[in-house]
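This report refers to the structure that appears directly beneath it.
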Amino acid sequence: MDTFILTYSILFLALFIESIHSRYSRVAEHIRTRKRPDKELTEEEFKLVFHRSSTEEIDYDFVNLTTEITEIERKVLFTIDDKDYHLKLTRASSSVIPSGTLIRSAILWTDNQTHFHDEDSTDEHWGSSHIYEDLDKMATFLLRDDDDFTRYDGVFGGGKDMKVVGSLPARLVNIYGANYHFIYYANGSVSDVILNGAKQVVGSANTQAGLNNFYPKLLVLVDYTLFKILNKSYEETIRYLAIFWNAVDMKFKKFETPKINIIITGIIVPKNEGALKHVYDARIKSDMQKVNATKIITNSEHFFGANFSTESYFDNYDATFTMASLNDLEGQTGLAYIGAICKNNHNNAYVKDSGVFSGVLAAAHELGHLLASDHDEDVGCPGEINYNTRLTGTIMAEYRNNNVSKFIWS
């Protein structure tokens, strides 16, 4: 009897291993014989993965992610161009978008006024239980478990080496399996100016008091130009913001004192083009893809004026961040007053983002301004340093060196 059970068990195990081997052999053969994976995508699926039109050529890698799960971490292993990557992901202690974050849509009505409406509040799909990170590799991921597979969406690396990881649409999971992911570059930059009058609003009691812990509460507004890139999907937009702002938050985790943790207490997403009037009115009428970024900030003083809290029901925030996919006339990728957090009429920041996390560094830079940090060059610090024999950029440098792959606080 024991011999029969042992023989049956060995046979079952052999058949199981053979089925797994056969499955992966079919997938490998499928990849070899079919056209490029991105050419398998429909236009809708292409936009879901890359946040761009399928007419654009994307330089990407199609990679099989292997996951080893231990009690304390997820080890994610993959290879790109013969280089092995090892990420040690641990569950985030908190999410920048906590449960209960108020999400509202904005719409421009025929009365030329912006009106606000409740949308579904945040839920477990982008909470801390689904956010994993590797601080050493500057990696942050939103994980989604599907049967025996885990889908990874997020970013890793810094500077010119920052990459986006995108999971497969459901249809392609049935072809390739969910372990395969698209990986491509997220090219971002930083270029801003100190706003006129910024020196007069430097500092506040909170930023100068030597706190041990600081929790900047942000109201994030997604302009329609970015919302369109995110396929006009509220769920996709919130997932994107969860990854984006967790990536920004990670840059502040290098601070020992004070400890800085970002909390998003509100999100506004527009339903039509002109809903965020402070952005729309700053666009160049002869070329609506261009904008005067400085006007976004000056227009914000009126948009977030006396009636905003009453009409929108947003009043629990220290600063606003408006994200848009527009090209500034002077090439600025972000703007904020120095030391203006918690200061009405000046606590508004702008960041350019193209839907591929290109604005992460700029967002950290502008939040640094709000928290009273000057440009490094303005206070006698270099914008680049040799760190461990490697040329390294600083987050608060006025201009970014696009050849730098690592950024630190000076």
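Every residue, even glycine, has its Cβ placed from backbone N, Cα and C.
For reference, Swiss-Prot has these:
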type	residues	note
ACT_SITE	E366	active site
BINDING	H365, H369, H375	Zn(2+) binding site
DOMAIN	214-410	domain 'Peptidase M12B'
CARBOHYD	N64	N-linked glycosylation site
CARBOHYD	N112	N-linked glycosylation site
CARBOHYD	N187	N-linked glycosylation site
CARBOHYD	N231	N-linked glycosylation site
CARBOHYD	N292	N-linked glycosylation site
CARBOHYD	N307	N-linked glycosylation site
CARBOHYD	N403	N-linked glycosylation site
SIGNAL	1-22	signal peptide
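The average pLDDT computed over the domain 'Peptidase M12B' (214-410) stands at 90. Summary: among the glycosylation sites (N64, N403), the fewest other C-beta atoms within 10 A of the C-beta are counted at N403.
Between the C-alpha atoms of N403 (N-linked glycosylation site) and N307 (N-linked glycosylation site), the distance comes to 45 Å.
Look at N64 (N-linked glycosylation site): DSSP puts it in a strand.
Cα of H369 (Zn(2+) binding site) to Cα of N307 (N-linked glycosylation site): a distance of 26 Å. A separation of roughly 10 Å, to the nearest angstrom, links the Cα atoms of H375 (Zn(2+) binding site) and the residue listed as 'active site'. Counting only residues at least six positions away in the same chain, the Cβ atoms of A282, R283, I284, D328, L329 sit under 8 Å from the Cβ of N292 (N-linked glycosylation site). Note on N231 (N-linked glycosylation site): other Cβ atoms within 10 Å of its Cβ, all shown chains, come to 14. E366 (active site) sits 26 Å from N231 (N-linked glycosylation site), taking the C-alpha atoms as the reference points. Taking the Cβ of N112 (N-linked glycosylation site) as centre and 10 Å as the limit, one finds 8 other Cβ atoms among all the protein chains shown.
Working note on the binding-site residues H365, H369, H375: by count of other C-beta atoms within 10 Å of each C-beta, H365 ranks first. The residue listed as 'active site' carries a helical DSSP state (H, G or I).
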